[in-house]
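First comes the structure, then the notes that go with it.
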Amino acid sequence: MGCCGSSTVDAEEHLDYSGGNVTLVTDQKNWDNTMEEVAEHGKTVVLKFSAIWCTPCRNAAPLFAELSLKYPDIVFVSVDVDEMPELVTQYDVRATPTFIFMKNNEEIDKLVGGNHEDLQEKFEQLNRPKLYDDV
C-alpha cells in the first residue's frame, strides 16, 4: 500500500486525536457497533484510513480532531490499515491517508492524501447548503 511519505518511527500504538471526537476502530466488533450507531441516526461519517508509520497520517491527525469538534453532526472514524485490512480491501484503499465521506452507508466523496487545505475544502463542500434538491 502506498503512503504519501513514510518513515519508521518510535511512536505510540495509535495516532493522537486528543481533544477531538474521533472514534478509533481497532476490531470488527468496534466497527460494527460504530456503523450501527451511524445508521440508526442517519449521520454522515468520515472514515480516515491511516497508519502510525505514515508521516502525513500523523500530520493530519490534529486537523482531523479539530474538524471533529467543528462539525459535531458528522461522525469521525479512524481506521488503522494494519489492524483492519478487510476494511482496506472493502473500501479499495490504496494509499494512506485516505478519507472516505459516507451518507446512508453510501460513499459520497473520497480524498487521498494529507493536504490540509484539500481536507478542509471537502468539509466545507459537504456542509454547504444546497439551493436546489436536484443540484
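Cβ atoms are placed via backbone N, Cα and C, with glycine included.
The annotation active site, nucleophile is assigned in Swiss-Prot to CYS54, CYS57 on the grounds of sequence analysis. Marked as disulfide bond by Swiss-Prot: CYS54-CYS57. Residues annotated as domain 'Thioredoxin' in Swiss-Prot: 13-128.
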| note | For CYS57 (active site, nucleophile), the number of neighbouring Cβ atoms whose distance to its own Cβ is within 10 Å equals 26
| query | In DSSP terms, helix, strand or coil for CYS57 (active site, nucleophile)? | reply | helix
| remark: Here the 10 Å Cβ neighbour count for CYS54 (active site, nucleophile) comes out at 25
